[in-house]
Every structure is written in structure tokens, then in C-alpha cells.
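> Just passing along the structure, written as C-alpha cells.
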Amino acid sequence: MTESPTTHHGAAPPDSVATPVRPWSEFRLTPAEAAAAAALAARCAQRYDETDGPEFLLDAPVIAHELPRRLRTFMARARLDAWPHALVVRGNPVDDAALGSTPVHWRTARTPGSRPLSFLLMLYAGLLGDVFGWATQQDGRVVTDVLPIKGGEHTLVSSSSRQELGWHTEDAFSPYRADYVGLLSLRNPDGVATTLAGVPLDDLDERTLDVLFQERFLIRPDDSHLQVNNSTAQQGRVEFEGIAQAADRPEPVAILTGHRAAPHLRVDGDFSAPAEGDEEAAAALGTLRKLIDASLYELVLDQGDVAFIDNRRAVHGRRAFQPRYDGRDRWLKRINITRDLHRSRKAWAGDSRVLGQR
């Protein structure tokens, strides 16, 4: 287990948070630990129908405590630290031949070869909180897929490729956004980097910081929640009306919240704007954009690596790359995790883990 000497194991933010050399906390499984975790996931794949079935959603956090103890210790401690932008677990085995080709679309990405790995990601997530999905994103799947789609190379969603995916808080528009975003790399032959950045506190003057803590900013839903990016069967769902309302009439929010020395961040580089006519807010947002652009760093997830990005402390994106469309493209499984599922209770689409935007 690798831990920074500057970690803080406490619930309250420190008066000042030292920045470690590496802005994420990393753990490497031994071969025996990796085999044990994979075997546990394989048993789940045999026992349960699907990762988002109600029985497995309830059982996963309990089964997760059968994962190797050293891994559980790392996750329990790292999630309390004040500084890491992400928790990274390396060393999970992926049988590339058994995995099969990278699908051409997320609709066909629930493949037999990737099924045990989806269960593995769910088990890891169970050590951090409860998973959920969006009714307006990839047809309400809890485990979603990140892969390039032909024709979408220059879009503003994760299925883009030739265009860089801009930095963002995941689902920044919603008060029910994830606390963690989990990514499991099934395949990344070209070493395409995930980008991350935290709050550039050292470079923000006091007045700009004051403004960013005030509800003077508008954040609209990103394009992944649009009807056009979901199946035709989803077109009439009432949840899309809520997305349209959030896009047309967003409520002013603060970009920074919480402890001033270790604030939580809520921003989307492509979908955030100042309130109309608010020049001071526009200047503050412009300053923040420039500082985040300048502080972006890269995290490459190799095959089998898992990252849990702290969606409260860091924004993330992805570098541009040349898609192959030959069955060997970059492919990740993705999941949303909340520390408090009841926070979003009124947005549940029925008795499920799928959120609708009311």
C-alpha cells in the first residue's frame, strides 16, 4: 500500500492541506489479492442476474467485505484523507481474449466478457458508498460504458475521441451528483490519459474566492442527458422534461462550498456560466477556468486499473485521441457513488437506484 506522508485521517478539514507530490492515493494488489478479488466477482456474476438488479444492489456492500483485507483497509483510510483527488487500485487481471472486442456503442456493451469486471467495480464501490444511475443517461444503467462511438468524435460527451473531453464535475448541474466517480479500465492500448485538477486555492485572491462561494453561477446539464443520446424507447420519459427545465431555467448555485481551506468544487468547463449581467461572477469564473486549465495533470489508467475520482474535490476530463474502430479501442466501465443515498430520495425513479430529474 502506498500512502502519502501528508495524509490526514480525520473527519474535519485541516486548517491547511499540504499537497502531496502525487495528487492521488494509490494501492497495488498482490497477485494473490487480485486473484481473490476476481474470483469473488466471478461468483457474483454467476449468482446474480445483473449488476443493477435489486438483490445485488442490496448485497454488494456486504459482499465487498470479503475483498482482501489490505485493500479494504486502504479504501477505508484513503476516503477520510483530506487531499487525494482520486483513489487508484492497480493490478486487477483482465483476460484480453476473454474480454472480446470493444463494442461499437454503449448499447451493446453488456458483454459476457466484461460482465465479471462490472461486478468487480460494483464490489469496490461498495467500500465507498451506494451506487446509482440516471434515468436520462445510457437508458438508466447503473454501470455505464465509456468508449468511442463513430460519428461522435467531436461531441461534448465521453463517447468523443478526437476532441478533448473538457474538465468537469460529474453531473455538476444536480444537487444529487455523485461523491465519487468510479472508472475501471478494460482496455487502453494507446495510454489515453484522464485529466484531473483540484481547487487552485493558492492562486485565488480573497475576493475571487468570496465570489465563488456565492450563489451567482448557472450550471446546465451536459449533453449525455439529452434524449438524442439515449435509446428511442426512452424518448417519451418524463425525466427528460426535468433535464430540459434544468437547461432552460437553471437555479443560481455556488461553485465552491464547505470549508474555506478545503472546499468542495462544483463546476463544468463547458456548461457553467455566470448569472446574467453579473460581471464580477464572470470574472471570477474566468479566473478559475484559467487556473484549472493551467493545473490539469494526467492519470493514465492501464488495463485493469480502477480509479475512484473524488467528485467533490476534483474535476476530470480526458485527452483527445485517435479512435481505432477496430475492436481495440479504449473502453472503461463507469459508476456513480454517493455517501448518502437518502439525499436523493425524492429524485428516485420509482423504488430503484435510478434517479429522475423532477
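Any Cβ shown, glycine's included, is placed from N, Cα and C.
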> Kindly point out which candidate in HIS316, HIS342 is recorded by Swiss-Prot as part of the Fe cation site with HIS168, GLU170.
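The record-listed residue among the candidates is HIS316.
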> Of the residues ARG90, ARG328, ARG334, ARG339, only one is listed by Swiss-Prot in the L-arginine site with LEU156, VAL157, SER158, ASP268, GLY269, ASP270. Which is it?
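Of the residues offered, the record points to ARG334.
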> Return the single residue from the binding-site residues list (GLU170, ASP268, ASP270) that has the minimum number of other CB atoms within 10 Å.
ASP270
> Inside 8 A of the center formed by the CB atoms of HIS168, GLU170, HIS316, which other residues of the chain have their CB, for the recorded Fe cation site?
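Close Cβ neighbours, site residues excluded: TRP167, THR169, ALA172, VAL181, ASP268, ILE309, ASN311, VAL315, GLY317.
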